[in-house]
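Trainee: The annotation transmembrane segment is assigned in TrEMBL to B:12-33, B:45-71, B:92-115, B:127-149, B:156-176, B:211-231. Summarising the annotation, TrEMBL assigns domain 'ABC-2 type transporter transmembrane' to B:42-226.
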Amino acid sequence: MVVRHYLGYGGDGTLVGVSGSGDAVVLRGVRKRYGDVTAVAGVDLTIAAGEVVALLGPNGAGKSTTVDIMVGLRAPDAGEVSLYGMAPRRALDEGRVGAVLQAGALLPNATVGELLRAIAALQPHPLPVAEVAAAAGVSELLRRRTDRLSGGQQQRVRFALALVGDPSLLVLDEPTAGLDVAARRDFWAGVRRYAGQGRTVLFSTHYLEEADEVADRIVLIDRGRVVADGPTTAIRAMGSARQVRCTLPDADPDALRDLPGVSSVEVHGAAVVLRSNDSDATLRALLAAYPLAHDVEVNAAALTDAFLELTGAEAH
Amino acid sequence: MGTYLLLEVRRTLRSVPFLLYTVGFPVGFYLLFTQVFGGGASNWAAQYMVSMALYGAMGAGLTGVGARIATERTRGWTRTLALTPLRPAGYLVIKLAASVLLTLPVILLVMLAGFAVNGVRLPVSTWLLLVPLLWLATLPFTALGIAIGYSARDEVANGVSIVLLFALSIGGGLWMPVQLFPGWLAAVAKGLPSYRAGELAWRVLDGHQPFGAGALVFAGWLVALLALAGWRFRRAS
């Protein structure tokens with residue numbers, strides 16, 4: 001069972017607060033079905049300018065469809081999408097959005113430099129190719145043919161292609177899937193440089209570590225729905241929460257609350273339930289301070305169940 | 001769009017299969033069939049020259065450009081383009097312009113072989129007329145290639161366009177004159193766009209103006225294949 005848990009934006013299909021055109025991304029009630037399969041089952045999402053947001057979820061959660069709809073490559077069955085207060089197509093035409101999507105082979109028989117210049121020429125306010133190449137870490141590849149690049153190099157070139165229009169919003173759909181650790185690190189270094197200039201980044205991933213290291217906000221998505229949305233620190237705390245249960249006669253809730261890691265205490269007669277962000281420390285302190293505590297159990301908190309179910313084995 | 005078009009032309013000219021099959025084959029076969037199996041009618045060298053130029057130009061349009069659309073669509077390059085201000089119609093215009101430019105080296109090289117190796121001598125006005133005429137003659141096949149490019153996945157599109165290239169060029173009398181065909185096959189050939197396309201140029205060599213009664217058949221094919229390409233394009237985008 002997945003627990004619906006809202007930490008920030010959204011909730012039951014309604015948006016909290018009023019979103020103006022200053023927001024980089026606004027999705028309202030977006031739905032998409034492919035035949036009998038519901039890929040996106042009503043997503044509401046608002047991303048303010050300057051945020052770095054991870055769309056985190058297992059394979060098949062609807063991340064790619066959501067991203068495709070966001071950049072206007074697929075029309076939603078229902079709902080609205082706006083980027084900087086305009087339709088995605090117009091935002092793309094104005095060069096405000098760059099994206100690295102899945103399944104986008106590079107054009108063969110061209111050099112990286114030629115490709116960057118050709119795409120730059122299509123954009124209304126392109127950046128100098130040399131500048132983009134440096135930002136994406138492809139300066140030494142400009143004369144290389146696109147069919148002679150490693151996976152990591154190809155991905156950095158695709159990143160450069162997304163940057164060449166000088167976008168203020170960057171959308172990345174599982175950009176590091178299939179890359180090794182070094183290629184992954186190089187890729188994210190480029191994204192961090194870009195985000196460091198105060199621009200907006202939304203990326204999808206099924207790696208918790210990537211979301212944790214790069215994003216300042218995480219949106220958890222599962223079965224086409226947003227199931228949690230909040231600052232990365234809050235989501236991380238969800239991941240470590242545990243319940244410690246024990247039987248302890250005459251327990252003093254206030255004293256128990258002072259144990260390390262404990263965030264909340266419930267006492268029902270002799271039954272005690274502690275919520276903890278560090279169950280190991282809580283347990284050691286509990287047994288040392290209260291030798292009479294017995295029938296001790298440590299469980300993942302309900303939210304953690306949901307979280308583990310969401311992020312799957314890949315994340316751990 | 002100009003920069004992108006230039007890239008399109010340059011990278012196609014870098015492709016070894018394109019150079020081999022689309023440029024090398026027509027020139028090679030032209031020289032082979034005129035030098036080795038030479039003789040025959042005195043205007044054979046000139047006639048076969050425009051036939052092979054047309055075959056090469058058809059290849060550039062049908063397999064060199066049109067069907068490559070299928071590859072770019074299948075492998076996702078068109079998704080990357082969709083994220084730029086370039087619209088699908090603009091992309092198609094670039095592909096059409098590229099095919100027009102890419103047929104030029106084929107046409108010129110076969111003509112050069114005719115002039116330099118086989119001693120084909122024509123009035124300057126005829127040489128000058130043949131180039132745009134062969135461009136026009138290629139158009140239905142480029143349209144067919146585009147239709148295939150928007151209909152099939154890459155391997156299928158490649159295979160189908162190569163089969164069609166040979167069926168149409170051989171069937172239309174570009175490899176051997178229709179006069180040598182048995183009667184029933186000649187009747188079929190005369191209904192094909194490739195024969196009617198070749199006829200535009202052959203008529204000029206015979207001292208006629210290019211557009212005779214057969215030009216109506218050509219025009220019919222041209223309109224039909226352009227419509228097919230337009231329909232497939234709209235369906236796909």
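Here, residue 1 is simply the first one shown, and the rest follow in order.
Positions of Cβ are set from backbone N, Cα and C atoms, glycine also.
In terms of burial and nearby residues, how do these features look in this structure?
Mentor: Same-chain residues lying 6+ beyond the ends of the transmembrane segment (B:92-115) with a Cβ under 8 Å from its Cβ atoms: 1, 4-5, 8-9, 12-13, 22-23, 26-27, 30-31, 45-46, 49, 52-53, 56-57, 59-61, 64-66, 69, 121, 127, 130-131, 134-135, 138, 142, 145-146, 233.
Long-range contacts of the transmembrane segment (B:127-149) within its own chain (CB-CB distance under 8 A, at least 6 residues past either end) are made by residues 50, 53-54, 57-58, 60-63, 65-70, 73, 92, 95-96, 99-100, 103-104, 107-108, 111, 157, 160-161, 164-165, 168, 193-194, 197-198, 200-201, 204, 210, 218, 221-222, 225-226, 228-229, 231-233.
Away from its own ends, the transmembrane segment (B:156-176) comes close to residues 29, 51-52, 54-55, 58-59, 62-63, 66-67, 69-71, 141, 144-145, 148-149, 185, 188-189, 192-198 of its chain (Cβ-Cβ under 8 Å, at least six residues beyond either end).
For the transmembrane segment (B:211-231), the list of distant contacts is 137, 139-141, 143-144, 146-147, 150, 190-191, 193, 196-197, 199-200, 203: same-chain residues at least six beyond its ends, Cβ to Cβ under 8 Å.
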